[in-house]
Every structure is written in C-alpha cells, then in structure tokens.
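A.B. asks: Submitted below is the structure of interest, expressed as structure tokens.
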Amino acid sequence: MDIAALLASAGINVLLCAVLFSLYSILRKQPSNANVYFGRRLASRRDKHVDLLERFVPSPTWVMKAWETTQDEILDIGGMDAVVFSRMLVFSIRVFTIAAVICTILVLPANYYGRDRIHKDIPFESLEVFTIENVQEGSRLWAHCLALYIITLAACTLLYFEFKNVANLRLVHIIGASAPNPSHFAILVRGIPWSSEESYYDTVKKFFSYYHASAYLSHQMVYKSGTVQKMKDDAELMYKMLGDSLGKTCKPSFSQCCFCGGPTNSFKKISNEIDSINGRTGYTDRHIDGRKKECAAAFVFFKNRYAALMAAQNLQTSNPMLWVTDLAPEPNDVYWTNLCIPYRQLWVRKIATVVASGTFMLVFLIPVTFAQGLTQLDKLEKMFPFLTEILQMKFMSEVVIGYLPSAILVLFLCAVPPVMMLFSAVEGSISRSGRKKSACYKVLYFTIWNVFFVNVFAGSVISQLSVFSSITELPAQLAKAVPAQATYFTTYVLSSGWASLACEIMQLFPLFCNLFQRFVLRSGDDSNDGALSFPYHTEVPRVLLFGFLGFSCSILAPLILPFLLFYFFLAYLVYRNQILNVYVTRYDGGGQYWPIAHNTAVFSLIFAQVIALGVFGLKQSTVASGFTIPLLLGTLLFHQYCRERFLPVFRNTATQVLIDMDKRDERCGRMKDIYNQLHTAYCQFSSDSSKSECFSCHHKESTRVHPPEDLETGKENNNKDMSWPPVHRSS
C-alpha cells in the first residue's frame with residue numbers, strides 16, 4: 001500500500017465525517033421532535049426562533065461550544081468520570097504531539113534514507129519505506145533511541161502531573177460537594193447469618209447495636225427483586241385486589257356466594273382466631289411476607305462518616321464469609337439485582353466469568369484470522385478463483401489489503417462490549433459504575449489482544465507456536481512482526497477511529513430507533529426515561545487502544561502519528577459535545593477510570609521499549625540496546641512510585657477528610673437532616689407505597705440489646721435472655 005492509497009482512504013473518512021457533522025449541525029437546530037434523542041440539555045438550549053434558511057445551514061457552533069466549555073462545567077454536568085475521560089484525551093494530544101514532532105525530525109528521515117535505493121515520488125512510495133524495516137543492519141540507530149527517551153520522559157512527566165491533578169480534583173470534588181453524599185454514612189453488609197428464630201432485620205439490628213453501639217444509627221434491608229420476583233409480586237397483588245373486591249360485595253358466611261359461587265373470606269376469621277389462641281397476634285401476614293422477601297444483605301447507616309469507613313474496612317467476625325462489609329455505592333449507583341446474590345457464590349462467579357471471557361477471546365480468533373487472511377492476495381486467489389481478475393486491479397487490491405480487513409474487524413468488535421457487560425453483571429458487581437468498570441477492563445484486554453497481538457502473530461508464528469518457545473526471543477519476534485503490520489494499524493485508526501467518531505456524533509442507532517418509534521409506532525413520548533448514559537466501557541478502551549498503538553509504533557512507523565493526532569483532536573471535541581448535550585449522568589464513579597488509563601499508558605511505554613530493544617538487537621546496534629535497558633527499569637520504578645503515591649486516594653477516602661466533613665456538618669447543624677434522608681435515599685422501590693414498606697415493616701425497636709451468641713450460624717441469638725444495659729439511640 002502506498003501513500004496515495006492511504007491518503008485516499010483518509011479522504012473518504014474525512015468526507016464521511018464532514019457529511020455526518022454537517023447533518024448533525026442541521027438536525028440539532030430543528031425545533032421538531034425528530035432530534036429528541038439528543039438529550040434534554042440540547043432540547044432546552046436550542047433556539048426556537050431561528051428562521052427556515054438558518055435551520056438547514058450547517059453551523060459549527062457546537063464545535064465552539066465544546067471547545068470553550070471549562071472543566072468545571074464538565075464536572076457539574078458529567079461528573080468526575082467525564083472529567084477523567086476528557087483528561088485522557090488531553091494527555092494523548094499532548095504526548096503524541098511531542099512524539100509526532102520528534103519522530104518527524106529524527107526518526108522519519110532515518111527510516112527513509114536507511115538504505116541506498118532509488119526513491120520514487122513520495123505519493124507513490126510504499127509505506128514500508130517509512131518504517132524501521134528500511135533501516136539496514138549495522139546502523140547506529142541513535143536517532144530512534146533518542147526519540148524513545150524523549151517520548152518516555154515526556155509521557156512519564158505528563159502522567160505524573162495528570163495523576164496528581166486528578167487525585168486532587170477527586171478530593172476537592174468530595175469535600176466541596178454541595179449536598180452530603182449518603183454513601184459516606186452507609187456500608188453494605190452481606191453474608192448475614194440465617195436464623196430460624198428471627199428475621200434478617202432483627203439479626204442485623206442486634207449485631208450492630210451491640211458491636212457498634214456508639215456509632216450505629218439504623219439500617220435498611222435489601223429485598224428480593226428481579227423479573228421472577230416482580231411476576232410473583234404482581235400475581236400476589238392481583239390476588240389481593242380480587243380478594244378485596246369480592247370481600248366488598250360478599251359478606252362473611254359459611255355458605256357460598258350466590259353471585260360468584262366461590263368461597264367467602266370467612267377463613268380469615270378462623271385463621272385470626274387460631275393465631276390469637278397460639279399467641280401470634282403480633283406477627284402479622286405483612287411481617288411474614290416481608291421476611292420471605294428479605295435478602296442476606298442490608299445497608300447499615302452510621303452517625304458519622306469515620307465510623308462508616310472503619311466498619312467497612314475492618315473484619316467483623318472470625319469467619320470472613322459472614323458479615324462482609326463494603327463501602328456502599330451512591331444511591332443511584334446501586335445495582336440492586338446483584339445484592340441478593342449469596343456472598344459464597346461470588347468467587348465461583350468470578351472464576352466462571354474469567355473462563356467465559358477467555359473462551360470468547362479464543363472463539364474470536366476465527367473472524368480475526370479471516371480478516372487477516374484478506375491481506376494475502378495469493379491465498380484469496382486460490383480460494384476464490386473467480387475473483388482473480390478483480391483482485392489484480394490495483395485499486396481493488398489496495399482496498400482489499402489495506403482497508404477491508406480492518407473494516408471487517410471493526411464490525412465484529414461491535415459485539416464485544418455487550419457481551420463483556422453481561423459477563424460483568426454475572427460477576428456480581430454491587431454498583432453500576434463497578435459493573436461498567438469491570439466491563440471496561442475486559443473490553444480493553446480483549447481489544448488489545450485481538451487487534452494487536454493476534455494480528456501481529458497471525459500466520460506462521462502462531463502456527464509454529466514459536467512465540468511461546470522462549471521468553472528471551474519475544475522481543476526479536478515482536479521486532480520482526482510489528483513493523484510488518486504498521487500499514488494495517490494505520491488503516492485501523494482510519495476505519496475504527498474516524499468512522500466511530502462520525503457515528504458517535506450522529507448516534508445512528510438511537511436516531512433510527514427514535515424515528516421508528518415516532519413514524520412507525522406513532523408514539524410521541526418525549527420523556528427522558530430512555531436517555532443514554534455515557535458508554536465508558538466502550539469509549540475508554542478505544543482511546544487507550546489507540547494510545548497503545550501510538551506508543552508501540554511511534555519509532556517503528558511514525559506515519560501513524562498524524563492520523564492518531566487527528567483522531568484525538570476530533571475525539572476531544574466530539575466527546576465533550578456528547579457529554580454536554582447527549583448523555584445524561586445518573587451516577588458518578590469518582591474518577592476510577594484514571595488508574596486504568598495510567599496503567600495502560602505505562603504498559604504501552606514498557607511494551608514499546610521491549611519492541612525497540614528487539615529491533616536494536618536485530619539491527620546489531622549494541623549502543624542503542626544498552627541505553628534502552630536503563631530506560632525500561634526507570635519506567636517500572638516510576639510506575640511503582642505513582643502507585644504508592646496516588647492510587648490509595650482512589651481506593652479509599654482519607655480519614656482526615658471525612659472527620660473534617662463530619663465536624664463541618666455538626667457545626668452547621670445538618671446531621672439531623674442527613675439522618676432523615678438516609679432511608680429514603682437507599683429505598684430500592686420507586687413507588688411511595690413500596691417506599692413505606694421498605695422501612696416500616698420492622699421499625700418497632702426493642703429497649704434491650706442482646707449480643708449474638710453464635711456468629712457462625714446465627715441460630716442461637718434468642719436462646720438466652722441476657723440483660724445488657726439499654727442503648728439510647730439519638731437521631
């Protein structure tokens with residue numbers, strides 16, 4: 001593939017992006033309901049008094065708005081996760097701008113004039129001429145080594161300051177929040193021991209009233225939910241409604257009703273009499289129903305943030321499988337479906353998801369191998385003889401070799417994020433942000449493996465299993481394989497990067513669904529119930545994958561850097577516009593995606609250095625190889641320092657910060673209001689009647705506290721009536 005074909009492919013993508021961006025600029029100014037899918041913020045901001053001509057003229061105002069929006073506005077609208085994603089793009093723009101300048105000055109001339117050969121005009125030159133493959137053996141390669149040092153130092157410096165700024169911004173966001181976060185006062189308790197004598201509610205109350213008497217406030221049980229449980233509840237509700245309607249028309253008697261012919265509700269009198277005889281009048285049907293629906297999980301609320309943090313971090317009993325405590329997610333972030341999963345099943349689920357993910361990665365080798373096989377024309381001509389004449393055409397051969405494989409791979413990769421999201425849900429995440437973060441990890445590993453490693457080692461290397469023969473030979477094998485696939489990676493940036501941004505700005509799938517709903521189903525609902533949330537599990541791995549390709553190919557094939565830079569600049573504008581106008585933020589993950597970005601960037605640097613070490617060895621440049629080893633060790637030390645310095649801030653909130661926030665709220669007199677809002681914040685049912693059931697079933701409190709006698713089974717909590725001093729709980 002030559003430069004002219006690559007530029008033609010890039011021109012096609014630019015034209016596609018321009019058309020879709022113009023269409024988006026036109027559509028976002030329409031006052032009709034056709035663009036409601038863009039989100040409620042866009043609908044409130046558009047001008048309703050523009051004239052007809054202006055509506056159909058493409059306008060770049062959304063580009064200027066996305067460019068001029070400050071970080072504080074992004075934080076207010078999209079939360080910490082949106083700011084972190086924006087910082088990923090800013091870091092990529094900065095580091096690859098430096099890499100593009102350095103590689104253009106030092107590496108590109110060294111690659112182009114690496115051999116004594118007759119050069120063609122630049123548009124007709126093959127892309128391999130600009131890679132390190134064109135450098136002959138015995139060269140000193142000092143330019144490549146110097147460029148690698150500059151790129152690594154620039155990347156590490158930018159990573160350090162970005163990590164520091166994001167960590168400080170996370171602390172400022174926690175401290176300076178206008179409304180107190182209920183999750184700071186709550187913990188999630190799972191693995192509650194089952195007792196035949198009492199409900200889970202009473203077991204939790206006795207445990208925390210005794211062992212956390214000074215800080216315990218109250219708790220809220222988690223009830224069974226899901227499709228099956230909802231069907232059962234609906235059936236029970238329908239049965240009660242029918243029973244009530246029959247009870248109003250039919251008087252209690254021992255004879256059948258003359259109208260409906262069914263039995264009367266006189267059995268209620270008999271059951272109530274039997275209950276009163278047996279002394280069970282205090283335990284009503286509502287308590288029995290509530291106990292049946294309780295799960296072995298609960299949200300426990302404390303009087304201050306520090307007590308909640310200590311209870312979440314400490315081991316509650318000698319059996320780590322019982323009374324398991326974790327910090328509670330935000331109320332809107334709770335993934336209620338997984339809270340009822342028994343804690344003992346979680347390790348089995350995690351192993352099962354790992355096995356399923358690995359199997360899916362192996363099965364995905366089939367389409368990857370098929371896409372990679374399209375780059376070999378001789379095999380295609382043997383398999384499809386009737387395509388010989390078509391494949392011999394220069395234009396068709398360039399399209400098939402350079403563009404079609406990456407386009408096919410992109411189509412197959414569209415099925416990966418939903419599958420990984422399903423695996424993350426089965427894994428047992430207790431929060432929606434945790435589920436999306438777990439899916440982000442899986443999609444990232446999947447794409448790096450299939451897009452990079454499988455394509456690099458496709459063919460004879462994998463068939464002979466030589467890649468697994470010796471670890472010491474891995475750098476040399478990478479040095480041979482990666483430069484040969486530089487053309488494929490460049491076209492992949494065009495097909496997957498630029499085209500994905502054009503589809504992202506238009507939201508084609510939601511647009512078609514919206515048009516189908518309005519013009520086919522004739523539904524005019526303008527509610528925001530179906531508003532989209534930002535797909536971090538899809539976009540974060542894509543951005544990090546392109547960064548990985550940029551670091552790996554920077555000194556090997558510098559021509560990939562301009563196309564990457566254009567992608568990151570365009571992505572910076574597009575994603576900021578989407579955060580402002582399209583996606584609705586329902587919960588905030590607290591910027592937990594930045595450690596993923598940092599680890600991936602450091603891994604990319606180390607991987608690029610390993611490849612460079614192998615290339616320098618193949619080119620017999622001992623000086624460059626010797627200087628690369630200290631750089632590799634220095635990068636590892638830098639990574640370990642950042643983990644020790646900044647990573648704990650993302651795992652837990654500092655005690656100093658929580659105590660200062662507690663004292664501030666006490667001085668302002670806001671503690672009572674916070675206590676009153678905790679129960680309603682963590683009610684898993686939406687209706688008001690269901691909310692009352694959440695915390696009214698067992699609200700009658702006892703005056704004495706009984707210490708649990710058997711922490712392992714919880715079956716003997718009521719066997720002994722030990723008189724402990726009464727606990728006076730203040731609200």
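Using N, Cα and C of the backbone, Cβ positions are placed for all residues, glycine too.
A quick note: this is a predicted structure, and the numbers were derived from the prediction, not measured.
Straight from TrEMBL, here's the annotation block:
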DOMAIN    5-162  domain 'CSC1/OSCA1-like N-terminal transmembrane'
TRANSMEM  6-27  transmembrane segment
TRANSMEM  95-114  transmembrane segment
TRANSMEM  141-161  transmembrane segment
DOMAIN    184-338  domain 'CSC1/OSCA1-like cytosolic'
DOMAIN    349-616  domain 'CSC1/OSCA1-like 7TM region'
TRANSMEM  351-374  transmembrane segment
TRANSMEM  400-423  transmembrane segment
TRANSMEM  443-465  transmembrane segment
TRANSMEM  543-575  transmembrane segment
TRANSMEM  596-617  transmembrane segment
TRANSMEM  623-642  transmembrane segment
REGION    700-731  region 'Disordered'
COMPBIAS  700-719  compositional bias 'Basic and acidic residues'
A.B. asks: By a Cβ-Cβ criterion of under 8 Å, what residues six or more beyond either terminus of the transmembrane segment (95-114) are in contact with it?
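C.D. replies: Beyond its ends, the transmembrane segment (95-114) has Cβ neighbours at 129-132, 134-136, 139, 141, 143-144, 146-147, 150-151, 154-155, 158, 547, 550, 554-555, 558-559, 561-562, 564-565, 568.
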A.B. asks: Using a Cβ-Cβ cut-off of under 8 Å, list the residues of the same chain that are 6+ residues beyond the ends of the transmembrane segment (543-575) and lie near it.
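C.D. replies: Answer is 6, 10, 17, 63, 66-67, 85-86, 88-90, 92-93, 96-97, 99-100, 103-104, 107-108, 111, 127, 130-132, 144, 147-148, 151, 155, 444, 447-448, 451-452, 482-483, 486, 489-490, 492-494, 497-498, 501, 504-505, 596-597, 600-601, 603-605, 607-608, 611-612, 615.
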A.B. asks: List, by number or range, the same-chain residues at least 6 past the transmembrane segment (141-161) whose CB is under 8 A from its CB atoms?
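C.D. replies: Residues packing against the transmembrane segment (141-161) from afar: 91, 94-95, 98-99, 102-103, 106-107, 109-110, 132, 135, 551, 554-555, 598, 601-602, 605, 608-609, 612, 615-616, 619, 621, 623-624, 627-628, 631, 634-635, 638, 642.
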A.B. asks: May I ask for the residues of the chain that lie six or more residues beyond the transmembrane segment (596-617) and have a Cβ under 8 Å from a Cβ within it?
C.D. replies: 84, 88, 91, 132, 141, 144-145, 148, 151-152, 155-156, 159, 162-163, 437, 440-441, 444, 474-479, 482-483, 540, 544, 547-548, 550-552, 554-556, 624-625, 628-629, 631-632, 635-636, 638-639, 642
